[in-house]
Each structure stands twice: as C-alpha cells, then as structure tokens.
Amino acid sequence: MTLKIAIAGAGGRMGCQLIQAVHSAEGVELGAAFERKGSSLVGTDAGELAGIGHLGVAVSDDLESQKDKFDLLIDFTRPEGTLEHIAFCVANNKKMVIGTTGFDENGKVAIKAASDKIAIVFASNFSVGVNLVFKLLEKAAKVMGDYCDIEVIEAHHRHKVDAPSGTALSMGEHIAKTLGRDLKTHGVFCREGITGERKRDEIGFSTIRASDVVGEHSVWFADIGERVEISHKASSRMTFANGAVRAGKWLENKANGLFDMTDVLDLNNL
C-alpha cells in the first residue's frame with residue numbers, strides 16, 4: 001500500500017524540496033500540499049510550484065477538506081503553525097514528521113502529549129550525516145569532554161529566524177547528557193564585554209547568519225596543544241528532505257510514540 005504524504009508550508013524553500021523528495025521516492029506519493037490561510041499560492045499545482053511539472057495536487061489552506069487524501073503530514077514550518085497541525089493530526093489519526101525548530105518548553109510538551117495518540121518523528125535535523133555526528137559527539141565527549149573547552153559554532157542563511165539553530169542545541173544536548181551536565185545551566189549563548197575567564201564546564205555557542213548558507217555546524221573539543229573538530233556542512237536542503245521522507249516511511253507501521261532520527265537510523269546499535 002502506498003503511503004500518502006502531505007506537505008505543510010509547501011511554498012517555502014523547504015516545502016518545495018519536500019515535494020521533490022516525495023515525488024522521487026519509492027513507496028510514497030504526494031497526497032496533499034498546504035499553505036497558510038489566504039496564501040496567494042492556494043490553488044497552484046504543487047509539482048509546478050516545486051519545479052517538477054504538473055502533479056495534479058493543488059495547494060490548499062484547509063486541512064479538513066483534504067484529510068482523506070493523506071496518511072502522514074511532514075511539517076517544517078513555524079512553531080505556532082505546527083502546533084495547530086498537531087491538534088488536527090491527533091483528531092484525525094494522522095502520523096507526523098516534524099522538522100520545525102524553535103519550540104518553547106510548552107510546545108515540546110504538546111508534541112510529547114500528542115505522541116500518546118499518534119506516531120511522530122520529531123528531530124532538529126533530518127540529515128543522515130548530522131545524526132551520525134550526534135553519535136560521534138557523544139564518543140568525543142566521553143573521551144575528552146572533562147579535560148577540554150567545548151564550543152559549538154553554527155552558520156545558516158540570513159532568513160533563519162531562530163538562534164542558535166535547533167541542530168546546534170541538539171549537539172549541545174548530546175554533549176551535556178554524556179557529561180552529566182544540564183545545558184540550561186552550562187550553556188553560554190552570548191559573550192560581550194568583560195566576561196571573565198572561561199569556565200571549563202561551559203558549553204559555548206556561536207551563531208552566524210549570512211547569505212544563502214544552507215547549514216554548517218562545527219564542534220570544537222579544545223585542549224592545550226590540540227583541538228578535535230567535528231563538522232558537518234550541508235550543500236542542499238535535499239539532504240533534509242530525503243531524510244524526512246525516509247522517516248515518514250519508517251513511521252508507516254507505527255501506531256503511536258515519539259521518535260527521532262536515532263530511532264529511524266538505528267544509531268543506538270552502532
């Protein structure tokens with residue numbers, strides 16, 4: 001049976017990549033595509049919007065009218081929109097892949113609560129390479145973390161609205177958890193003026209916003225006389241889109257639960 005996928009935010013940069021990824025993947029098909037209420041893109045063919053030709057799927061701004069056309073919703077939009085989509089999916093038993101970042105604690109609690117009813121993959125980054133990096137960071141932190149300074153440096157395009165990136169925060173969380181630290185108290189997100197000497201147990205974050213950078217992350221484990229850097233650079237959003245579709249296919253036989261790309265890629269068994 002073919003898995004029917006809907007895309008939220010179909011007209012955005014990521015939305016168009018997701019349409020392309022669904023169209024090219026085996027075992028899935030594009031069932032619906034959505035934009036915000038009143039968008040000028042409503043009624044446009046999703047395939048033409050994504051530059052791959054006519055698909056016969058018109059962009060809609062009404063999930064209710066399209067609910068019989070999809071089994072799973074992929075959402076890379078904004079937290080407020082995603083939370084509305086979550087409520088709809090819970091009410092209509094639709095699975096979700098969520099790549100939206102910037103949720104506050106209440107938003108994360110809402111996602112966890114929804115996963116009691118439906119199956120959700122929620123990840124800060126759907127790149128296979130980035131999720132492998134998460135595991136490498138845990139290994140490095142275990143060996144070097146208590147003896148070095150740790151800094152997370154990330155760069156994204158000028159249009160990104162949240163900082164640090166969700167991926168950078170996830171990197172920090174993986175490191176902090178490995179070291180038994182709380183990122184809320186050990187994370188340093190701003191340095192300005194006379195800050196005093198750096199504390200050894202800090203996990204620092206630096207953010208760059210410039211031009212059309214798709215996404216770059218680097219973590220330094222810096223000791224006296226040597227430094228280990230673990231980096232990932234994305235050159236195309238298709239890596240995230242393909243990962244999201246892979247996650248959706250993995251969810252097909254799951255009734256409920258909250259998962260991430262570690263589960264999808266079975267990284268805990270490495």
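For all residues, glycine too, the Cβ spot is worked out from N, Cα and C.
Per Swiss-Prot, these features apply:
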type	residues	note
BINDING	GLY9, ALA10, GLY11, GLY12, ARG13, MET14, GLU35, GLY99, THR100, THR101, ALA123, SER124, ASN125, PHE126	NAD(+) binding site
BINDING	ARG36	NADP(+) binding site
ACT_SITE	HIS156	active site, proton donor/acceptor
BINDING	HIS157, GLY166, THR167	(S)-2,3,4,5-tetrahydrodipicolinate binding site
ACT_SITE	LYS160	active site, proton donor
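Where Swiss-Prot records a feature, it is marked here on the structure.
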{"residue": "GLY9", "record": "NAD(+) binding site", "Cβ neighbours (10 Å)": "25"}
{"residue": "ARG13", "record": "NAD(+) binding site", "Cβ neighbours (10 Å)": "14"}
{"residue": "ARG36", "record": "NADP(+) binding site", "Cβ neighbours (10 Å)": "14"}
{"residue": "THR100", "record": "NAD(+) binding site", "Cβ neighbours (10 Å)": "25"}
{"residue": "ALA123", "record": "NAD(+) binding site", "Cβ neighbours (10 Å)": "26"}
{"residue": "ASN125", "record": "NAD(+) binding site", "Cβ neighbours (10 Å)": "27"}
{"residue": "HIS156", "record": "active site, proton donor/acceptor", "Cβ neighbours (10 Å)": "25"}
{"residue": "HIS157", "record": "(S)-2,3,4,5-tetrahydrodipicolinate binding site", "Cβ neighbours (10 Å)": "13"}
{"residue": "LYS160", "record": "active site, proton donor", "Cβ neighbours (10 Å)": "16"}
{"residue": "THR167", "record": "(S)-2,3,4,5-tetrahydrodipicolinate binding site", "Cβ neighbours (10 Å)": "27"}
GLU35 (NAD(+) binding site): tally of other CB atoms within 10 A of its CB:
24
Among the recorded positions ARG36, HIS156, LYS160, GLY166, which ones place their C-alpha within 10 angstroms of the C-alpha of THR100 (NAD(+) binding site)?
GLY166
Please report the three-state DSSP label of HIS157 ((S)-2,3,4,5-tetrahydrodipicolinate binding site).
coil
Out of ARG36, HIS156, HIS157, LYS160, GLY166, point to the one nearest GLY11 (NAD(+) binding site) in space (Cα versus Cα); all of them are recorded positions in the record.
ARG36
Out of ARG13, ALA123, ASN125, LYS160, GLY166, give those recorded positions positioned within 10 angstroms of ARG36 (NADP(+) binding site), comparing C-alpha atoms, in sequence order.
none
For GLY166 ((S)-2,3,4,5-tetrahydrodipicolinate binding site), the number of other Cβ atoms found within 10 Å of its own Cβ
18
